Ligand SMILES: [Zn+2]
């Protein structure tokens with residue numbers, strides 16, 4: 001797959017061509033079927049430049065929303081055949097996010113970036129847009145000077161310049177899925193952050209990013225590799241590009257170029273677990289891949305489990321226990337939200353999402369329920385060391401492939417066939433049960449760092465503890481205090497507005513630089529229907545576009561003050577990525 005694109009900021013589109021090289025496995029095959037969404041196709045030709053026959057087919061029913069099928073006729077014989085598509089994207093392309101220069105930190109140059117996971121790759125280029133197909137690719141991106149393009153591969157030579165334009169070329173030699181084809185274009189500088197790593201960011205942000213990530217990137221890479229049983233790092237470099245905080249995710253594991261939201265650089269390294277997470281995807285997700293989006297937990301649950309193993313390895317078991325508890329509370333909040341939304345089916349680890357856009361099914365369930373399942377399996381098989389051996393075998397067996405939940409299960413049972421306790425695993429309960437699994441996390445984790453948060457929350461529920469300082473706590477402990485209070489509200493307990501005002505006075509929670517704390521604080525305030533939180537909530541929603549924050553916050557704000565929720569959304573709808581805007585729109589009934 002060879003892609004050549006020119007970025008047009010004025011018209012907000014990419015134009016160019018992509019060249020697919022296809023070979024028939026069965027010579028009776030007469031067509032190749034590609035996915036497209038909102039692309040203007042100008043022509044399709046063969047290797048000699050001769051036009052080939054093609055047509056667009058709209059699928060029936062709900063799937064019509066997922067785009068069209070591009071059916072290209074292939075000649076007789078086995079091939080390989082070239083399919084050259086000349087096309088441009090449109091303003092409706094869901095994969096591309098455009099920021100005006102005013103929306104950037106430096107406010108000098110516009111910026112754009114792509115996000116193809118889950119099924120937006122088809123609005124960037126015609127492709128087999130499924131995680132079950134992998135191919136190597138190269139991408140050439142032409143941008144106006146002085147902008148830089150960074151893409152999900154290794155650079156092929158130096159950029160070239162002509163007529164006020166610069167052209168960057170990248171190659172990804174490891175076969176990957178369409179959702180890992182990514183590019184970001186902006187006024188970027190880069191700094192070295194590790195042995196094989198650089199970070200790319202706007203000049204205003206690049207030093208903060210360097211300080212946040214330097215050295216720990218190597219520590220995380222080394223520790224991750226140990227925990228996956230020493231499996232080779234396949235990708236050459238590991239770089240990080242810092243995206244504006246409107247990014248719909250915390251990070252995206254684009255190979256050679258993790259995209260990381262600027263929201264996750266608070267300046268104290270308290271949110272670096274996301275860096276560990278994206279690094280783990282170098283093996284889980286990017287090498288061993290979910291075959292379908294129903295199997296998404298194989299990407300995210302495994303990754304989250306290993307991410308916390310890394311942090312436990314570096315910072316101790318008590319810290320791992322803390323992260324596990326924060327994650328468990330995220331799962332509790334998510335299950336509650338999905339149930340209230342009337343989507344209990346999405347609380348399954350392997351959900352039935354055949355006719356659902358995977359972006360609409362996206363939640364923390366595959367992450368947190370998935371990693372909880374692996375923690376449970378760790379108890380069953382006898383500990384971390386056994387799991388590391390298993391993970392090594394898992395990566396070795398499935399590297400380069402796309403697999404289903406049933407493949408994981410079969411391999412697990414084979415690997416641990418001598419372990420009697422494995423027979424006790426209730427796979428049906430874990431994989432297809434709804435809601436919270438039957439597993440007492442607290443019985444299995446180091447609770448040292450948990451008690452302090454629990455007792456702080458209890459004190460706030462029963463008194464107004466002017467003497468209680470939480471500033472010396474770790475950020476995750478503060479998150480946990482707020483989680484306990486949020487859960488207490490859900491259980492019908494009350495927290496007076498007087499107490500909330502006192503908390504803010506004592507801890508300056510409305511002014512926190514930590515996005516995870518800020519999110520919980522605004523959620524707690526809105527759910528308590530406390531007007532004192534409205535200004536901070538509005539600022540939060542204008543500054544951060546990550547789905548796992550803004551969706552629950554809009555739901556809470558709507559329940560508190562529906563008119564205000566709508567007004568805030570109308571002010572910010574162009575700031576959010578289109579997948580998020582669409583979902584908030586439907587939450588607010590716009
Ligand atoms: Zn992930």
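Each Cβ is built from the backbone N, Cα and C atoms, and glycine gets one as well.
Predicted automatically and left uncurated, TrEMBL annotations should be read as such.
Taken from TrEMBL, the feature Zn(2+) binding site covers 277, 281, 300. Under the heading active site, proton acceptor, TrEMBL lists 278. The active site, proton donor annotation in TrEMBL covers 367. Annotation comment: TrEMBL describes 448-588 as domain 'Peptidase M1 leukotriene A4 hydrolase/aminopeptidase C-terminal'.
Here the features listed in TrEMBL are placed on the structure.
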{"residue": "277", "record": "Zn(2+) binding site", "DSSP (3 states)": "helix"}
{"residue": "300", "record": "Zn(2+) binding site", "DSSP (3 states)": "helix"}
{"residue": "367", "record": "active site, proton donor", "DSSP (3 states)": "helix"}
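Here the CA atom of residue 278 (active site, proton acceptor) lies 10 Å from the CA atom of residue 300 (Zn(2+) binding site). Among the recorded positions 278, 300, 367, the ones whose Cβ sits under 6 Å from an atom of ligand 1 are, in sequence order, 300. It is 13 Å from the Cα atom of the residue listed as 'active site, proton donor' to that of residue 281 (Zn(2+) binding site). The Cβ of the residue listed as 'active site, proton donor' has 26 neighbouring Cβ atoms from other residues within 10 Å, across all protein chains displayed. Cβ neighbour count for residue 278 (active site, proton acceptor) (all protein chains, 10 Å cutoff from its Cβ): 24. DSSP places the residues of the domain 'Peptidase M1 leukotriene A4 hydrolase/aminopeptidase C-terminal' (448-588) in helix, strand and coil in these numbers: 105 helix, 0 strand, 36 coil.
Long-range neighbours of residue 281 (Zn(2+) binding site) (same chain, six or more residues apart, CB within less than 8 Å of its CB): 253, 258, 299, 303. In sequence order, 251, 253, 278, 280, 284, 285, 299, 303, 304, 307, 367 are the same-chain residues whose CB sits within 8 A of the CB centroid of 277, 281, 300, the residues recorded for Zn(2+) being left out. There are 25 other CB atoms within 10 A of the CB of residue 300 (Zn(2+) binding site), with all protein chains counted. The Cβ neighbour count for residue 277 (Zn(2+) binding site), using a 10 Å radius over every protein chain in view, is 25.
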